[in-house]
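Summarising the annotation, TrEMBL assigns domain 'Heparan-alpha-glucosaminide N-acetyltransferase catalytic' to 55-177. Per TrEMBL, region 'Disordered' is recorded for 1-29. Among the features that TrEMBL reports, transmembrane segment is placed at 56-73, 93-114, 126-145, 165-183, 204-223, 310-331, 343-364, 370-392, 412-432.
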Amino acid sequence: MASAKSAVEFHGTNDGSAPEPNSVGDGHGDIEAGRGGCAVASRTPTPMPKSSGKRLVSLDVFRGITVVLMILVDDVGGIVPSISHSPWDGVMLADFVFPFFLFIVGVSLAFAYKRVPAKMMATKKAVLRAAKLFLVGLLLQGGFFHSIHDLTYGVDIHKMRLMGILQRIAMAYLVVAVYEIWLRGGADDVGSGSYALIKRYRHQLFVGLVLTVTYTALLYGMYVPDWEYEVTPPDSTLKHFLVTCGVRGDTSPGCNAVGLIDRHILGIQHLYTHPVYLKTMQCSMNSPRNGPLPSDAPSWCQAPFDPEGLLSSLMATVTCLIGLQMGHVVVHFKEHDKRIVHWSIPSLSLLILGFSLDLAGLHMNKSLYSLSYTCVTTGTAGLFFAAIYLLVDVYGYKKLFFPMEWVGKHALLIFVLVGCNIAPILVHGFYWREPQNNLLKFIGIGG
């Protein structure tokens, strides 16, 4: 997996200081952002001094905590549904993981592109790195690697899943990197006020607004007609289903514009075949767990649906773009108190807006990546990042968070090995005489 790791590795300084001559403007940016730079010094608490201009350990810690959280909800979520993904509307613990990653990518990009002496060269490198990350995601989540109980490999290209976690990160990274390279103000000094910061990056903020308006207009304005699909369950004959819609602005699992666009552009055979709404009460007798279909289950229950689809990726990009603006705070403000204030106020505003939208009927929904979901998860990420920064980079409790820092520095490798089940598959592949006599069974994990 060394090639996968190197495809998205960052070498820029993970702080707000001046970049090294060969470290910034080369298009690096992603989960593993900000691995270069120096270690944070003193652990002695001080009353909000200026930043020393050294490495932001808090960003690595934040990334590490997010990776551990991802592993926790993946492994324990099936046992404790309350921390797993919400079956549809609403948010649970697992629904914060992916927005946190996108937020971190955005923050990291602010450091990677503090200086861009050659815009075309930086753009080409950003495109190349995004393409590599997208291809890695296609390999890992497109179906090439199967479950730990299936030792076959390979994928039917006709049915390959085209989107996924790494693919969406690659898309958001590329778009936001291009914004940062080409859409920024001229003056580096923004003074001490928020207005100057907003003015410098007003073009990026405007693009974020355009993406939000476009997403909202399509989600609530696009007409969704009736549609059909076919499935072949194990040991069963082909089944044909008709989903009756004929609506506009619907956000239910079967008749939303997100699924409509993916079915028409990507093709229904290229979508995720185990959508989270299989855990809803309409589709599972064991809800909120997966279970047998009820006898009166709606016709859309067995339909593919991609939670990392095209339309919802617009709002995922907005999350990454907000993270970029939070990274700008580190670049332009050296005082700890100013950084925390400029993170906390927007984050609290996003939380208030998100909950207000949810109460107004625009419900939080991870699969649709709704506007209220974007605001709440991104606002939470901003406050969480500010809290970690206060503990680690201001008061210097670095040793306490060293395990999370180490995980954060190797985030992509851990995601590939653990999050994508590569490590269990590799271990599961070694057995004694019979496949069921494998190492996982020997240590009490395999069945």
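Every residue, even glycine, has its Cβ placed from backbone N, Cα and C.
Looking only at the domain 'Heparan-alpha-glucosaminide N-acetyltransferase catalytic' (55-177), the predicted model's pLDDT averages out at 87. When Cβ distances are compared across the two stretches, the transmembrane segment (56-73) makes no contact with the transmembrane segment (343-364), since fewer than 3 pairs at least 6 residues apart fall below 8 angstroms.
Counting Cβ pairs closer than 8 Å to the transmembrane segment (126-145), the top stretch among 165-183, 204-223, 310-331, 343-364 is 165-183. Counting same-chain residues at least six beyond the ends of the transmembrane segment (310-331), those with a Cβ under 8 angstroms from any Cβ of the stretch are 15-16, 51, 56, 98-99, 102-111, 114, 163, 168, 171-173, 175-176, 179-180, 197, 200-201, 204-205, 207-208, 211-212, 214-215, 218-219, 257-258, 261-262, 265-266, 338-339, 342-343, 346, 350, 367-371, 373-374, 377-378, 381-382, 385. Within the domain 'Heparan-alpha-glucosaminide N-acetyltransferase catalytic' (55-177), the DSSP-based counts of helix, strand and coil residues read 82 helix, 4 strand, 37 coil.
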